Structure formats: C-alpha cells, structure tokens
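Over in Swiss-Prot, the protein carries these features:
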BINDING   185, 289, 290, 291, 292, 293, 377  pyridoxal 5'-phosphate binding site
MOD_RES   154  N6-(pyridoxal phosphate)lysine
TRANSIT   1-87  transit peptide
C-alpha cells in the first residue's frame, strides 16, 4: 500500500500526516528526530528501496519497512508528536514501546530488497487490544504472527527446521523428500520454503482441517494425504511414519520433537516480544500445539525475568494438560491430543482451557471490534488473555499474547459459517 498526501501548505500536510499515522498506528505514533528532506510529501511505502539521502531515517511500523519524508523539520515534529497511553492503573507509557526505529541491512547494490522469501520471516508487530478488552484491569498486546509471509507463526519453524536439517547434512534440495504430519499451518510454512528451495514435500493432515489449507498446500506444490479426523494428529503422525518407511530419500522433520522448533522462538519470537515491550511484559499467553512457541518464548522471557508468568491455552474438549482426556474439537492448531516432546511443562505457570465455541466467538469479535482477522486458535488465545486480564491481581500489568494465524484460511470453517451461508444466498439488486 502506498499513501501519498500532497498539500500546498505545510501546516495542512502535518495535520493530514498526523491523522493518517494516528489511524494506521491505532492512535500511537512512530517518532524520532529527523532532518528535513527535499520532499514535500508524506510517503508510506512498504519495502521501498533505500533513499540516497543521508538524512532519511527508516522506521518499523509493521513487518515491512516504511519510508517517511517531510518538507520540513517542523512538519515532522508536529506529525510525530508524542502520544502517551494510559495503563489500567492510570500510569502512562512511552509509545516507542509499540513502534521501533530499525535499520535494515541492504545488499551490495544498496537496495532494500530481500534476497529470498525466507528473509521476510519474523519481526512481526504488536498491537494493543482495545474494545474487546473492556472491563480488563491489565493491558493486552497481541503479537501479530498473522503478518508473516504466509500468515502464520509456523513460517518460523518451517524455515528453522529445513535450515537446521540442511546444515546438519540430513537433507539436500532436489534429492531429499520431506515428509511431515500437520494440522495445516506448519505444512504451509514448510511448503513455501520447500518450493523456494526445490524440495518435494509430502504432508499428512486430518481431513477436519479447512479447505483453504488444502488449497494453499497444493498451490505450493505439496502432496497432500488426508487422514481420519477422529484420530486427530495421532492419525496424521502414524500415516507420515508409514510414508517415511516406504519412500526413498525421505526425511521427517518432526515438528513435535524437533529442537529447532522451540529454538527459533527462543532466538527470535521471544527477543522480539521482549524488545517491543522494553522488558515490561508481565504475562505471556500462547496456545499449545507443538509446544514450540510457548516453550521457546517462555524460556527466553523467564531467563530475562523469572517473575514473568507463562500461561498455556488448550481446548476444553481435549484438555489433557489439565488432567482431561483427548477428544475432537474445532480449534485448529492446538490440542494435538498428546503431550509433545517439545513442550516444556515446567516453563508454564498455568494452563487455561477454552472451549471451541468461546474461541470461535472471540475470533469473530476480534474482527468486528478490533479489525483483526484471525484464526480460531487466536480466538482461544485472546479469550484466555482476557480472562487473565480481568483478574484483580493483574491490575496495571502487561499481557503479551500470540495470534498464530490469519483468519482468511478459515472461511470454510465454523468460524465463518453463518456469514458464508448469508453471502451464498445474496442476490444482485435489480
């Protein structure tokens, strides 16, 4: 998206710039000192090339890099005027916690262009939840993994597991066949990496996963084998092991057991959350699927501050970590029905069970009230975070919660069933 505002008078420019930044950044602005440039426009352009001007600073307001230029220093000062946000306890915070200036490395040609798609993974933004968090005494900030290249947190482990196996000499492009059981998002994360590096990929997935996921996987060239939905991820794992035995040069990445899974979150996701909150995160909330996100992030944050609470989320219908039994549920991506080896249970202070219905309803409300189109597991994580944020003992605290995937790949699921039925019945107006 490119937005350019031209005006004849710089006061009007500054006012418009402030309004646009306010809207785009949720009434929180990026700011820094900047020398005036020769441009008479405000330019917001993701992934623009580096400017030749030494006075131009680069900003991070989203996963992309944006360029900001103003006709005068006073324009910039006015448009970038600091805004403060009140915590639930009445204190105020510096808005730089939300938007951080960064300097991106450039190639030998000086252009700010990634060499390949894997370089776009990570450094996702965080955003406060507002309307949906009414009645909460703590603040909730969502880590938007929906803004990864393929719109899910699993992009990170797709990259890390393939890269790790390559570095150890286990696989090589054009020869090895990658095999993996998946609920969908890990498969997509693997599929775009496999496509970019030249691997054949075979995925096994419960038939209960969304149609959008199937289409996406096939679009990337992956081979897809559906398994009995009643057997959950256990059935997908068993089928993958069978394929592994019968396929020459096959290699299973084993997301549930692979240390490269939590490692990438320890090395990237955790530090990103810590840096974006300036170490002020009090509670971390994440769904439990493979265990990689909560284990990796939890370890990093606990090392930085042992007092930080780490809270996991699982489906009520399959609450094995809470002492229940595995069972079918509608929260795709969490609640595998078994305890993954990658899950460090000692890192968690609490596990909250959220029903499929509550997860779906919360995901709907995130779209309607926050403008965030997220998947069902994001709804589950948000529902748990809201419960925690309403506890009196958490007044004034900052809760970070991971939103794992984008909602568009759930259009065929119960999440949007009523809307889908409504639009299918729509007729053109005469």
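Including glycine, each Cβ sits where the backbone N, Cα and C put it.
Overlay of Swiss-Prot annotations on the structure.
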residue: 154; record: N6-(pyridoxal phosphate)lysine; DSSP (3 states): helix
residue: 185; record: pyridoxal 5'-phosphate binding site; DSSP (3 states): helix
residue: 289; record: pyridoxal 5'-phosphate binding site; DSSP (3 states): coil
residue: 377; record: pyridoxal 5'-phosphate binding site; DSSP (3 states): helix
Just the number: how many Å between the Cα atoms of residue 293 (pyridoxal 5'-phosphate binding site) and residue 154 (N6-(pyridoxal phosphate)lysine)? 9
Neighbours of residue 154 (N6-(pyridoxal phosphate)lysine) among the binding-site residues 185, 289, 291, 377 (Cα to Cα, within 10 Å): 185
Which residues in the same chain, at least 6 apart in sequence, have a Cβ under 8 Å from the Cβ of residue 289 (pyridoxal 5'-phosphate binding site)? 183, 333, 334, 335, 336, 340, 377, 404
Just to confirm: which same-chain residues, 6+ apart in sequence, have a Cβ under 8 Å from the Cβ of residue 291 (pyridoxal 5'-phosphate binding site)? 256, 261, 262, 339, 340, 341, 342, 343, 344
Using the recorded pyridoxal 5'-phosphate site (185, 289, 290, 291, 292, 293, 377) as reference, state which further residues of the same chain have their Cβ within 8 Å of the centre of those residues' Cβ atoms, listed in sequence order. 153, 154, 186, 255, 261, 287, 288, 294, 333, 334, 404
Residues near residue 292 (pyridoxal 5'-phosphate binding site) by Cβ (under 8 Å) yet at least 6 apart in sequence within the same chain, in sequence order, are 157, 255, 261, 262, 264, 265, 342
Counting across all protein chains, other CB atoms within 10 angstroms of the CB of residue 154 (N6-(pyridoxal phosphate)lysine) number 29
Using the structure shown, find which entry in 185, 290, 293, 377 (the binding-site residues) has the sparsest Cβ neighbourhood within 10 Å. 290
